[in-house]
Amino acid sequence: MARSGLDRIDISPQPAKKIARVGGLQHPFVKTDINTINVEHHFIDTLQKTSPNMDCRGMTAGIFIRLSHMYKILTTLESPNDVTYTTPGSTNALFFKTSTQPQEPRPEELASKLTQDDIKRILLTIESETRGQGDNAIWTLLRRNLITASTLKWSVSGPVIPPQWFYHHNTTDTYGDAAAMAFGKTNEPAARAIVEALFIDPADIRTPDHLTPEATTKFFNFDMLNTKSPSLLVGTPRIGTYECGLLIDVRTGLIGASLDVLVCDRDPLTGTLNPHPAETDISFFEIKCRAKYLFDPDDKNNPLGRTYTTLINRPTMANLRDFLYTIKNPCVSFFGPSANPSTREALITDHVEWKRLGFKGGRALTELDAHHLGLNRTISSRVWVFNDPDIQKGTITTIAWATGDTALQIPVFANPRHANFKQIAVQTYVLSGYFPALKLRPFLVTFIGRVRRPHEVGVPLRVDTQAAAIYEYNWPTIPPHCAVPVIAVLTPIEVDVPRVTQILKDTGNNAITSALRSLRWDNLHPAVEEESVDCANGTTSLLRATEKPLL
């Protein structure tokens, strides 16, 4: 299959034309201002022209609406009259395996032409070409008008999709304040390095790409850090070892997810996700950097600095608990064996040794949350604590606990009521649509870091662990702009995939059906009031077709 050429776009600020040589072919590209592409207008136009009763051959209308929309956006980028173009014909090659298509295909036409395998092939190519996420122009464009894993809201009755979801183009994450989000974005590379160095089983990495006796390739494609990726030629950041692009729900076309770290083999020629025949499961990691623990280790008046020093000198579970409980709202919330957890924190415990004075339980659980609480209650987290860095060597290592182990098991697990758990549940749902036969193993990673001392500023820190040696010359490294790691917590998460799948699939399909009927009515009766239905909770609201969308 020919590569789509969709990520051959340089989005750096200075305008200039270049030639990128990829696979022996020359592909012209120019720099782009993605704001010139009216994504919202076209998506709504596609919805308005789609029949609610179209024949989808056992599939859903939403996926073909999404594909038709993406086709329009991608071919727009090919137009030499626009500010940006990708390789002419690349979109048709991706969708129809031909360089020509007489006209823009409507959803009904795509439904008659594309098989389920075709849909997966197209969407897996999109995922590959959108790695780099926020630094990738295609990722930014195609993410609009999607309900994303990080922005989907949940009520007591389940996931909530707003009645006018198709007008919403601002998919900025809304969890936490601006300072906390900035801290997370800044320190995510540090957490990624820790994940690579400590959390990924080396057995997951050195599996051969071929099982035949004559096979010579003895590593996953991602072991090579995707050094042949076209993205390296056009100014987008270097694609990391386990980076993931935009995964679009193959069931409804409505929901999207971009995983922080995804451990899955890729096709060495196309870069698309392609699990090895020997793989039985796929691990992925959601990273959360906790800004509220940031402290200056030399500030004698800061209680975090004091409990940190105690933990470093005497690494025990009691001292770890004291450090985590130093702040007013710690990242671990105790709720008691007979109580319910609140929605406050992503990590919870009911272990008596972690009881905290003044704790408050939460309201009654929904049936789904209670079910997931039961699935996760017996799961333990693992914790690593880091030594002060060796600046001369440029390395940082983990501390051995009193038990002699580098990781400590603690009775802390994921909170099914928290937004982080919901986000991971949605990610699991989206990924399961591509690989239904494989066991998905999601993890929540909690990163805690401290301010750098003056002599540590500007120094990259190699995470020096035995497992990290498998990366050879691409050793996981804490970038110089990141905080110094103090603690990393790895929490496995158990999601009832079949149950979540049914809920999200039904919610998505209902939202699409409601949108098709609503917008089709608007076209026929532009001045008539109508009821718009929230498919998640059954509520209705009066909208006028003449009202301008809230963009």
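Note: Cβ is positioned from N, Cα and C throughout, glycine not excepted.
Look at Swiss-Prot and you will find GLU188, ASP260, GLU286, LYS288 tagged as site 'Required for function'.
Around the Cβ of GLU286 (site 'Required for function'), 23 further Cβ atoms fall within 10 Å across all displayed protein chains. Recorded residues LYS288 (site 'Required for function') and GLU188 (site 'Required for function') have their alpha carbons 8 Å apart, per Cα-Cα distance. Remark: ASP260 (site 'Required for function') has GLU188, ARG192, CYS244, PHE284, PHE285, GLU286, ILE287, VAL445 as non-local neighbours, by Cβ distance under 8 Å and separation of at least 6 in sequence. For LYS288 (site 'Required for function'), other Cβ atoms within 10 Å of its Cβ number 23. The secondary structure of LYS288 (site 'Required for function'), as reduced to three states from DSSP, is extended strand. DSSP assigns GLU188 (site 'Required for function') to a helical segment in the three-state reduction.
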